[in-house]
Amino acid sequence: MWRPLSAIVFLMAICLLTAYDDYSYVGLMQSLDELAQHHRDRITLREVGITYQDRSLILAMITNGDGRLGKRVIFVVAALHGDWMSVRAAFKTIKDLVLDFQDNADLLADFDWHIMPLANPDGYEYSRKLTSNFRWSKTRTRNNVDCIGTNLNRNFDVGWGVGFPELHDPCDQNYAGSAPFSEVEARTVRDIMQNLIKSERGVMYLSLHTFLRSVIYPWVYNSTWVPNQGENIEIAKFVTDQIFIRTGKVKAVGVQYGRKSGDTSIDYAFKMGFPLSFACEMSGLDRVNNLVICIRAFGKKAIEKYPPSRPIHQSEEHRPTKNSASRNWDLAPVL
């Protein structure tokens, strides 16, 4: 049990992050540290990299505390684009899994969760200082005299440079970098993915964003169906249905994804061997709540689809027909 004073101090630290301006990089790191100090049996923080501007990249590794090693893992990454609200959703998910672990016992029984709540802290902190509504989506590495930053979700080595001309413009927000994995943040995410695959623990990769209202899965860089396309469609439909059931504010509509783009993290995760790889994009005033619902729903389906008895490999079952559905579930406002 906590000592009363420690509990009060801890709860005050958590409450600090209810204020918008307190979601600074430093504030987030302090709150994560507080959480880890009070719940050492359920959360471990690991510094997995250092950014161009010397900020730590932190991975929160969450378990139910039963001491079993080698559990399968759901790997969640927020804010590759520095999306403010995806950071909030990731941190709320961490808190829920750690503080309400009994209510989330089903999510933690046979799976661990590895969550990177802020994958692009340099771009995130820069965007918080902007006075305009301009949306900064890149890192802060210098490309040349005039242009700064690389779009991390265009920096992974799969279909690199495929898509649209802006990927090759160092001054554009979609710039893919000088080469695949030119950015330390992308290399850090890559290394975590590879370690999880080598240890046969990686089941699901989930990337959080707040620009569209979509659930997206491979392939993004071309229109080829992946072997488990039917499984992806089933999971995407379940997730979007859960958001509608919980909020009543959105509905799922099957549509084609807007345009092809290489170098995305979800394509790379699937290429490396994650059988399930998705991006959850939620915009609008309710995006934090919807992202949290999205994360939980994806977790439930990963656990359902890949119990310990099922080998981890990319399934070829449920191959759809040509007219079955697209690879993207778009979420449109209910009229």
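The backbone N, Cα and C atoms fix where each Cβ goes, and this holds for glycine too.
Going by TrEMBL, these are the annotated features:
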SIGNAL    1-19  signal peptide
DOMAIN    21-302  domain 'Peptidase M14'
ACT_SITE  E281  active site, proton donor/acceptor
REGION    309-335  region 'Disordered'
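Residues near the residue listed as 'active site, proton donor/acceptor' in space but far in sequence (CB under 8 A, at least 6 apart, same chain), listed by position: H209, T210, F211, L212, R213, S214, V215, I216.
In the three-state DSSP scheme, E281 (active site, proton donor/acceptor) falls into the strand class.
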